[in-house]
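Asks: Below is a structure I'd like to ask you about.
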Amino acid sequence: SPTVLSVAASLASFAYAVTKSEVVELTDDSYLDFLKNNNVTLVEFFAPWCGHCKELEPEYKKAAGKLVEHGIRLANIDCVKNDKVCSENGISGYPTLKIFKDGDVVEYAGPRDAEGIVKQVMPAVTQLKPNDVESFAKNDDVAIFGVFPAGSKEAAAFNKVAESLRNDHSFASIEPGVYMIKKFDEGFATFKEEVTEEALKKWVNAESMPLMAELTPENFSKYVATNLPMAYLFYEKEEMRKEYGPLVETVMKKYKGKLSAVYIDGEKYHEHAKALALPVKWPGFVIHDMENDLKYPFSGKLSSDELGAFVEKYANNKLEPSYRSEDIPEKDTEPVKTIVYKNWEKIVMDEKKDVLLELYAPWCGACKNLVPVYNSLAESYAAHSDKVVIAKMDATANDIPKSANIKLTKFPTIILFKAGAKKEQVPFEQSGRTVKDFAEFIAKHGGNKVVIAAKEPKAAADEGDKEEL
């Protein structure tokens, strides 16, 4: 009867609260009552035979023991015995975890250790009294504090940022501003702009990074997430780092929040220096506007005065970027024309001709497989060279002009620049890569509408490897 079920549920809850370690075991009958009585909970949908479920069990129990101290209960439900609830929730794999919060439900995609589960289930923003700030800040390398009237649009923006960055940092709210306490640099930062989700997220990402740190594969993505230009100090050996590091840090301190600054091992990452248009000699300094892929290598003496003047010019938009370009071929007699940065405007942007351009990388297997087809394609248009150009450019050795507005995400990238309408770039994205496929594409989308009889190469290009990142 309903009364008996209610008593049973109460007893189960009491037992759980006493042990502070067991997870509430739900059934088809108790599931809805449990959700009604718990505004915030995490439910694991599992099967007894599931190996991943068994691996999760001890961490899930630990998390349950910690969360019950905050009045939050964790539960699970055996989908073999309780298929009604599991079916209604669309469960198709195990374990599936779902967070239920104030009537909303989202699938849990966070860490599966006890500490990570606790952090995900607890509110993303901890409500603090001012005298709790210091102790809260000691729990993490970076702690962000928001100070807003409850229910304001500023508080809503802060909560959204906290939800999206909760795995990386700790967030707390006190009375009305936003402050950051950190265990490096000056130890404290204040957000001074108008509070919006976008501006606040940018500030958190920027200020949570040290003034200068060693760039590694592990932290590179965090620097990218700041959306700030990156200033690199390339060094050779630790002695050089110690000699020039303080000088560069002093210069860069003025631009904290506007530029990221990093140390990078020149011996290990000399190819990256080349990609940034920097000569391979150390020490070296370069600023990279990653959003627009513009490079500003420093060629002066690495002194406070010269470097300071250089960075100030950059900050005031008074520097011209440098561009990578191979030399223009002296005699380009091959059917496929070679494009470099220096001849891009002359060939690619020739309004009289349709130009099919392949952006490739020398190491790209898919690009190598395309060579025989691409050569045959160019030979097929030999009689129409005044109207159609088949071209290629090594995108690892040449910059793409900013005016082209091309975001390179894969190799090969193939684009048709139409005669008479160069801004109307048409990417070649179909699966087939035969001479016929390319010829039909050019005839259909080209400005000159040239039609040819396709001549396939003797050995067809391998169709298995289509593109590489």
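Every residue gets a Cβ built from N, Cα and C, even glycine.
Because TrEMBL annotations are produced automatically, they should be read as predictions rather than curated entries.
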Asks: In TrEMBL, CYS364 is disulphide-linked to which residue out of CYS86, CYS367?
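Replies: Candidates were CYS86, CYS367; TrEMBL matches CYS364 with CYS367.
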Asks: Any idea which of the disulfide-bonded residues CYS50, CYS367 has the thinnest Cβ neighbourhood at 10 Å?
Replies: CYS50
Asks: Where does CYS50 (disulfide bond) sit by DSSP, helix, strand or coil?
Replies: coil
Asks: How many Å separate the Cα atoms of CYS364 (disulfide bond) and CYS53 (disulfide bond)?
Replies: 41
Asks: Cα-Cα separation of CYS367 (disulfide bond) and CYS50 (disulfide bond), in Å?
Replies: 44
Asks: Relative to the Cβ position of CYS364 (disulfide bond), how many further Cβ atoms are located within 10 Å?
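Replies: There are 19 such Cβ atoms around CYS364 (disulfide bond).
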Asks: What is the three-state DSSP composition of the domain 'Thioredoxin' (314-447), stated as helix, strand and coil residue counts?
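Replies: Split by secondary structure, the domain 'Thioredoxin' (314-447) comes out as 42 helix, 31 strand, 61 coil.
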Asks: In sequence order, which residues at least six apart in the same chain have a CB under 8 Å from the CB of CYS53 (disulfide bond)?
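Replies: Listed in sequence order, they are GLU44, PHE46, ALA47, TYR94, PRO95.
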